[in-house]
């Protein structure tokens, strides 16, 4: 499988991320993607062929393997990497949409199409929520499917068409267990980073909105005496009409003094 597209995608989104987002990207690249490509694929290579049971019954080994491993560890791990990286597409598409709007209208609509504010901020926060949800979902799925992160050396299988309870042996159980624990630790670390970044961005922009609101309130307070002075000056020049008549009108003056 080629991971070039995933690498280019995450590298493109990296410039819009915070420090925690860049750390998350480094973990995905180094501790997950490279480990998967360099080591994990070789550990799980031909895992079904290396799965053996002490029985000659045709089909028994295949059924037992499917019973214990409904989804291969390595394929589920690859699917997890793809799913947790896919929400970054939302950010890339949003930036591309901003740039296309500026080209279409042939004018500068944004200070910076990639600046983290407004709609792009909401898109980035949504992508963080999706990434965290996928991480938690796959972590629970790993735990439920394989009864924790343990890979036993010996398994008892009594699934048909096996004639009785047979012993089945898994190749490289210790090595596989280490990789599964490593996968769980990196997932927990990525969840912590996503939640930290989500909280940081929410707090930062909430504080920014609060400062803007307070500044606006102070501006209105400073302007209110000036407006009152202008209003009183205007009333002195143009007093309010009495009984629907303006005392300064020519008609009223003529009826009063002539």
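Keep in mind that glycine also has a Cβ here, set from the backbone N, Cα and C atoms.
Automated prediction, rather than curation, is the source of TrEMBL annotations.
What TrEMBL lists as transmembrane segment is 21-39, 77-97, 118-143, 178-203. Annotation comment: TrEMBL describes 42-75 as domain 'Connexin N-terminal'. Under the heading domain 'Connexin cysteine-rich', TrEMBL lists 134-201.
The stretch in 77-97, 118-143, 178-203 that contributes the largest number of Cβ pairs under 8 Å to the transmembrane segment (21-39) is 178-203. The residues of the domain 'Connexin N-terminal' (42-75), classed with DSSP into helix (H, G, I), strand (E, B) and coil, number 14 helix, 2 strand, 18 coil. Across the domain 'Connexin N-terminal' (42-75), mean pLDDT in this model comes to 81.
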